[in-house]
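Take this structure, written in structure tokens, and hold onto it; I'll ask about it next.
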Amino acid sequence: MATAGDANLGNPDTTTTTAIDPAAGLPAKNDVVDDTADEGDTAAPVKYNWRFWAIFASLVAATLLSALDGSIVSTALPTIAETLDMGPDSVWVANVYFLTGAVFQPLFAQLSDLWGRRWVFLSILAIFTLGSGLCGGANSAGMLIAARAVQGVGAGGINMMVDLIICDLVPMRDRGKFLGMIFMVIGLFTAVGPLVGGAFAQAGYWRWVFYINLPIGVPCMVVTFLFLNVKSRASGDSFVAKMRRIDWGGVIILTISTLGVMYAVTYGGSLRSWSDASVVAPLIAGLLFIIIFVLYEGSSFVAEPVTPYHLFANRTSAAAYAISFLHAILGLWIMYVLAVYFQAVLGTTPTLSGVYMMPTVIGFPVSAAAGGIVMSKIGRYKPIHIAGFGLFTLGSGLCSILGPNSSPAAWVFFQLFMAIGLGLVMACLLPAVQVGLKESDTALSTGTWAFIRSVGVIWGVTIPVAVFNNRFDELLPQVVQDEGARLLLGNGQAYAHATAAVVNSFAGETRDQVVDVYSRSIQRVWQIAVVFGGVSLLLALIEKEESLRQNLDTDFGIEDEKKKTVPAEVAP
């Protein structure tokens, strides 16, 4: 396998390439060539061996677990909440899962640099499997929420470590192709999750929403143990010395900030007013601790920060991080807003609403795989970012004219524009983050990227719901004359009641007025989405187009049983 010299990792124009010993298929000693040509023209094509594919299969299985678990609970939650008498606390079944998943990702990245990928990933799989078993056996609301917190730690770690291991084993030029496959699995099984969860709940077996992870998780651990034999950095530090190198202060500050923001967005606009002190105080505290975290990471108090400043030091990485945050917001934005449109405006059932969203459900994962393949083929990410966000901005702008009388062709093609646009970009984000960084920053950059996306997911629900409810409350007294309808739907309650059953409970003119307010409120949400898409497009234009390295310089490649090689062979 070709390797790049450390001094040239950040320079796409000049690389040092190690020649290949044709007899052994290994880098030849002392045979180094200074290659100033474009890497895309000189690097040998990569051929992946059976051990790589065995590892990749286990990564796909782990991804399946995380993707399915992230959505399977949604349709089973009403049954679970009723059985365990959870009341309003049921919102934390989902929220604590995403909270712990987010805050532990940077920590796992740092741990994997210190102890290696294999044992950290195995520990994460064990945590997720344990959490799944605890969730299935929960007999109280508190126990289920605590178990979901454990499960979330594992799920967040799986998402981050899968991306990281792919980056370790695959040259940057090829990463989009393999990440695209992973994101296709995520998209498909995220779509399947609600169907499986609903089926279990309807049959009276809601505990299998969690137990289903056990027969998949255990074999995944076995395969990982057998085949993920990768190198680690030999530091010579003792266990205690390694523990001292971890940025515990940064992790704690990050946890407090994320918890404050999560608490505020959980209750704000739904159970409590956004002006309520119990919402404002944790939100301000959370945002304040984010500032403290940023300052702390650059201070002399921490020798090895979990999110070092240099990850954002070049314009391409900084822009790609910002784009990733906005992309995560917009991904959930589509699903939540389309569901309201189909049910409250077009009057469909929840099941039929899911059918109507098939252009998004299918378009996103397929285009994610396609975008990754195209990037690997042409060696460029910027044109894909521009095309993707251009399509999304166009699609969301067109969606802003949808109404109760719009044709199926309109909402099918408009959502396809958005889904394909976001999908094309998906697999090309992490390579853009890493292209201007050293390979030694792979773990920290991946952990930071995963955390930023996880935080974006939180806001991906909060922002459109807040915009929708505010616009609805503004229009409600102007359009709807019925006092009962105003009382039911006002004060931030419109989104919670956005179902055909509620809308159809009003008769004649009142129903038409309610539908009109829902339609116009959704149009405002799409207008704001245009702004987010436009900002993302501008950031994509700011990015610098750097050459994607076709060689692989890693401390964490697969150890060959005899000669300790990296995981790919050079094709003859």
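Every residue number used here counts from 1 along the chain in the order it is shown.
Here the Cβ of each residue, glycine as well, is placed from N, Cα and C on the backbone.
According to TrEMBL, the protein has these features:
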type     : residues : note
DOMAIN   : 55-548   : domain 'Major facilitator superfamily (MFS) profile'
REGION   : 1-23     : region 'Disordered'
TRANSMEM : 52-72    : transmembrane segment
TRANSMEM : 92-112   : transmembrane segment
TRANSMEM : 119-139  : transmembrane segment
TRANSMEM : 145-166  : transmembrane segment
TRANSMEM : 208-228  : transmembrane segment
TRANSMEM : 279-297  : transmembrane segment
TRANSMEM : 318-342  : transmembrane segment
TRANSMEM : 354-374  : transmembrane segment
TRANSMEM : 386-403  : transmembrane segment
TRANSMEM : 409-430  : transmembrane segment
TRANSMEM : 450-468  : transmembrane segment
TRANSMEM : 525-542  : transmembrane segment
If contact means at least 3 Cβ pairs within less than 8 Å, sequence distance 6 or more, would you call the transmembrane segment (145-166) and the transmembrane segment (318-342) in contact?
no
When only pairs 6 or more apart in sequence are counted, do the transmembrane segment (208-228) and the transmembrane segment (119-139) reach 3 or more Cβ pairs under 8 Å?
yes
What same-chain residues lie close to the transmembrane segment (119-139): Cβ under 8 Å, and 6 or more beyond its ends?
62, 65-66, 69, 84, 108, 111-112, 146-155, 157-158, 161, 165, 207-211, 213-214, 217-218, 220-221, 224-225, 228
Where, among 318-342, 409-430, 450-468, do we find the most CB pairs under 8 A to the transmembrane segment (525-542)?
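Stretch with the highest Cβ contact count: 318-342.
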